[in-house]
Amino acid sequence: MTIRTGVEVVVWGGHGQKGPLEIHPLQCYQNKLKLAIIGQSLFGQEVYSNLRKQGHKVVGVFTVPDKDGKADPLAVAAEKDGTPVFKFPRWRVKGKPIPEVVEAYKAVGAELNVMPFCSQFIPMNIIDQPKHGSIIYHPSILPLHRGASAINWTLIHGDKKAGFTVFWADDGLDTGPILLQRDCDVEPNDTVDTLYNRFLFPEGIKAMVESVQLIADGKAPKVPQTEEGASYEGIQKKSNAKVNLAQPAEAIHNWIRGHDKVPGAWTVIDGQPVTLYGSSMLARSVPAGQPLDIEGASQPGIVTKNGLVLYGTDGKALMVKNLQFEDGKMIPASKYFSSGESSSVELTDDEKKMAEEIRNIWKGILSNVPAVEDTTDFFKSGAASMDVVRLVEEVKQKCAGIQLQNEDVYMATTFQDFIQMFVRKLRGEDQEEELVVDYTKKEVNNMTVKMPHQCFINGKFEDAENGKTYNTINPTDGSVICKVSYASVGDVDRAVAAAKEAYDNGPWGKMNPRDRGSLLYKIADLMEEHQEELATIESIDSGAVYTLALKTHVGMSIQTFRYFAGWCDKIQGKTIPINQARPNRNLTFTKKEPLGVCAIVIPWNYPLMMLAWKSAACLAAGNTLVLKPAQVTPLTALKFAELSVKAGIPKGVINILPGSGGMVGQRLSDHPDIRKLGFTGSTPIGKQIMKSCALSNLKKVSLELGGKSPLIIFSDCDMDKAVRMGMSSVFFNKGENCIAAGRLFVEESIHDEFISRVVEEIKKMKIGDPLDRSTDHGPQNHRAHLDKLLEYCEVGVKEGATLVYGGNQVDRPGFFMEPTVFTDVEDHMFIAKEESFGPVMVVSKFKDGDVDGVLQRANDTEFGLASGVFTRDINKAMYVSERLEAGTVFVNTYNKTDVASPFGGFKQSGFGKDLGEDALMEYLKTKAVTVEY
């Protein structure tokens, strides 16, 4: 087989994006091209790098000249690889190509020009020179939004779809034939940055690589653009970016976000132009605040604790986060009326020395300024956005642990203001305001429960970035409890950044272990103080019977935090004797260190307890975390977030993101800054998570997955106890129990008596409102799960199992399922192999005395989470327990878990442990240190 390698490609650079984007080849392509790359920025660099990875040969990179001594990222990558790089300031003069530039281009012999993004005018004789011509990336769905600023206009016009086009260059303005297009939904609060980072950048790189391969394979289409629906818009300037406030709120919102950050939509407040940043539509009632007259507005705005509320002519509202004045100073919109009130602080001698060191940093950046005075303005002295990044990073390097953000520079633009801000942060005087919680309140269970319902990121409750919400449902009657924020990928990225900052630079990583333990004890104390409220929330959100929620869901959560709080100052390494490097001597020891930022994804059956099992060990080890509760049961996790602030946990250490597993969970699996992911859930999702964690950055993973736990009941058992515990093994927590006995094997001589007594006891069970203290059996967690259980029972009947009791939905409002018993279940049946995760007892007989036979049947499953055996014969009990292939074996008991005992499964039930010292090790890494002396 012959492999072609003779096509050259030219790539033109693109917009900026943090972090590399890896394209994993799905197949080994035969046809390769020689390419020329023309353009600049990180987008072009990524296209260039990925084309080379696919085997194409880049014969020349044509980019812009260095700026202030710095080469463009595309040039940097190409020069590092030894690829010829050309930095022409222009390609033509007075409309005519520059001959020496054209000759230099022709000399590389490219067969295709690849232009991911190019800010220069390229002559047509260059466009048409290669054998395959030229392809260009454009960030709109052509023919819509031809011209520059296409992403901005997508938002300004309120398009419901955004996207990009790879097209063949011609002599028109973005009018060439289309090769490939991709689109995505525009979220309600998308900005240029979020659209670009979420879709246009990563998918655009993949599309450029795909387009080149289509050309190499001779399969690239050329679809003529239609003029129907075509539009052209030019670059927006500051002078014409004034927002028209006499229109509906959504149009105002679109105008502001379409101009965020450049050139910035502006209006007139108190006689001066003010630029508006960070717009989002308000989906709920407007918080209280102080009115503010704004020129041209249909009614006064309101300065609230969250920002500036603006009204449209339709009466709907939007929120603006930040304001920037003519002098370049930016403030939180919430601080408009208090922006000039802060008094200056007197500096200590040490702080004065630090101020002079920072003055030298300013001098290094503002090299054009003769001297940095107290009144020197950073931006009026010529500083740009990259200088902001440099200032922040140099100051943070000089003063480790200072919590400084780029936005702080915009809000303290003069040297004097900057030093005042810096000193306040250094002293901790800029501490966050008291936690603001927009509670949903309900009078229920003879109390008022107050439930947070927003994302919890960096110590604050806030709406999802895209403004989306969803309903969380009370399974007792199907009613809506409240709307909960539906976190986006952008929210995940912000939460991970907050957790990383808290770990790298915050007080958590520097804290004494014993002090860390004290904070975890405080969390446990606060949970105990609020245990009735937590149990009530757990009951209405998950359907758990209140008495069980109080004792187990909440009670064991409190015990878990206390247990791991005690471990904080007992995490130890070892000294290890090794062969000495004579004549010198060696000391080798190990250290146990935290992993960094950890992600935790928990299920819906024990919402608070699963949070505690994983989070307590994670925090005790010194990590920070981002936790995603189950979409259907987010409320106790968000209440826990509130209590963590009251306990004094520093901001960023704990972050809680309600939302979908497909979006939030997947992004956590993929995120490069997360070092460990702990998951409890289904086996198929666990496999997907493990794959994503491996492909992203080889995260450490622990998985507690599905089960089909066998319970073997021998004829010599204590029958009363076997019946009681056998029922508990199945019906505990409505059967929504990871370790539930998925299959009971009952010795033949006692089988009928056992079934008769079980059915007799089931009939005594009270099914009803979980808040009723006499209720034994509450509703299933959510509608879809109830439907799945009913289908499970139908399959059991169809396959020939005997339905002894139940199998139906209870005739009352809500998601109630009858406790169910199947007998005569044969090994090949679906219900013998698959987990129900509900109140369904699946019973099979085994012959009297056939210990090895029943063991073989019990182990004939791909799961191995838990198991049990009932017998009075201790020898038999030990023999069976040694041979059962499960992470936990219960003997003459069931569901007996303890915070000190490790919990986890074998085989496809996962790996890794919750609880006990073993769980702590899941969140630590071992470092070996060898010293020669």
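Each Cβ is built from the backbone N, Cα and C atoms, and glycine gets one as well.
Please treat TrEMBL annotations as automatic predictions, because they have not gone through curation.
As annotated by TrEMBL, (6R)-10-formyltetrahydrofolate binding site applies to GLN120, PHE121, ILE122, ASP174. The active site, proton donor annotation in TrEMBL covers HIS138, CYS738. The site 'Essential for catalytic activity' annotation in TrEMBL covers ASP174. Positions annotated as domain 'Carrier' by TrEMBL: 349-426. Annotated NADP(+) binding site per TrEMBL: 602-604, 628-631, 661-666, 681-682, LYS788, 835-837, in sequence order. Taken from TrEMBL, the feature active site applies to GLU704. For GLU704, the entry in TrEMBL reads active site, proton acceptor.
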Densest Cβ neighbourhood among PHE121, PHE837 (binding-site residues), 10 Å radius: PHE837
Beyond the site residues GLN120, PHE121, ILE122, ASP174: chain residues whose C-beta lies within 8 Å of the centroid, for (6R)-10-formyltetrahydrofolate: CYS118, SER119
Within 10 angstroms of HIS138 (active site, proton donor), Cα basis - recorded positions out of ILE122, ASP174, LYS628, GLN631, MET663, GLU704: ASP174
For ASP174 ((6R)-10-formyltetrahydrofolate binding site), nearby residues of its own chain (Cβ under 8 Å, 6 or more apart in sequence): ILE136, HIS138, LEU142, PRO143, ARG146, GLY147, PHE167
Cα-nearest neighbour of GLN120 ((6R)-10-formyltetrahydrofolate binding site) within the listed recorded positions, LYS628, GLN631, MET663, GLU704, LYS788: MET663
Maximum Cα-Cα separation in Å among residues GLN120, PHE121, ILE122, ASP174, which the record lists as binding (6R)-10-formyltetrahydrofolate: 14
Distance, GLU704 (active site) to LYS628 (NADP(+) binding site) (CA atoms, angstrom): 15
Number of Cβ atoms other than its own within 10 Å, given for MET663 (NADP(+) binding site): 18
Around the Cβ of GLN631 (NADP(+) binding site), the count of other Cβ atoms that are within 10 Å: 21
Cα distance (Å, whole number) from the residue listed as 'active site' to GLN666 (NADP(+) binding site): 17
Among ILE122, CYS738, which are recorded positions, the residue with the most C-beta atoms within 10 angstroms of its C-beta: CYS738
Candidates HIS138, LYS628, LYS788: member of the recorded positions with the richest Cβ shell (10 Å): LYS628
Using Cα positions only, nearest of the recorded positions to PHE121 ((6R)-10-formyltetrahydrofolate binding site) (GLU704, LYS788, PHE837): GLU704
Chain-internal residues, separated by at least six, CB under 8 A from the residue listed as 'active site': PHE679, THR680, GLY681, CYS738, LEU865, PHE903, GLY904, GLY905, SER909, GLY910, GLY912, ASP914
Separation of alpha carbons, ILE122 ((6R)-10-formyltetrahydrofolate binding site) and LYS788 (NADP(+) binding site) (Å): 61
ILE122 ((6R)-10-formyltetrahydrofolate binding site) and ILE602 (NADP(+) binding site), distance between Cα atoms, whole Å: 54
